[in-house]
Ligand code: CP
């Protein structure tokens, strides 16, 4: 996508912010269409917002509960995809623990597929909602310094944000201990800092990430107390950033591990607004897909 395509999608999302703030929140864009949300990993924000987004656009939305599905009896991803495809959905929204699984599934079905997060690879709609939140609060993204801090190694949010923010002209910094930085990440056009105080210097946006303990599998696991000391965001460290710096976190948060409650709930935090923008951005993405559905 070009930066113009991305800006157009964000503009469309703005329309859906306005619609979602009205008493009557419904549009007819996906009336008669079927959307299946297929989440192989836990989710609060992404699954709920895709469900609300589909419903607000008039689709019939089905949430597949993987925990009580035949996946638990050993059915493969491809057989699950073929089974759902036989029910003739128009859109399948997928989250999976394996990088590349969403792409694989998309090649096995005859409908549109949306990536709701695949392993440590990508989470594109998260990056779009983050961009919308930044643009609404700063008026632009071009030229801003965005510091992404924390467990970069396991973060699909970081990867998608690096790609999108670079495309929109931001300067992206990564702040993490070397053990939580992927080898070769500097090739993605980012500046690397292992000292959080230096990395925060002059930042316009501070984006904190969760320590993804569930993906560490016996590898180096930092103690939460020590991690917070060096890489947790509190007001003292935040003072290194610009005076009007804004704080983001994709959620779920581990309070007292990567961020203090005082910062998470403070005046500079955009964390609740990010959640609201998640519904609007997902409406815009589903709307864009609707233009390409058969018989649209
Ligand atoms: N940000 C995010 O993907 O949150 P969930 O895991 O709750 O969907």
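Cβ from N, Cα, C; glycine included.
The annotation in TrEMBL ties 45, 46, 123, 126, 251, 252 to carbamoyl phosphate, and of the candidates under consideration, 21, 95, 229, the one tied to the same site is 95.
In this structure, the binding-site residues 45, 73 were compared by how many other Cβ atoms lie within 10 Å of their Cβ, and the smallest count belongs to 73. For ligand 1, none of the binding-site residues lies close by, meaning a CB under 6 A from one of its atoms; the full candidate list was 73, 95, 156, 210. With DSSP states grouped into helix (H, G, I), strand (E, B) and coil, the domain 'Aspartate/ornithine carbamoyltransferase Asp/Orn-binding' (142-288) comes out at 61 helix, 24 strand, 62 coil.
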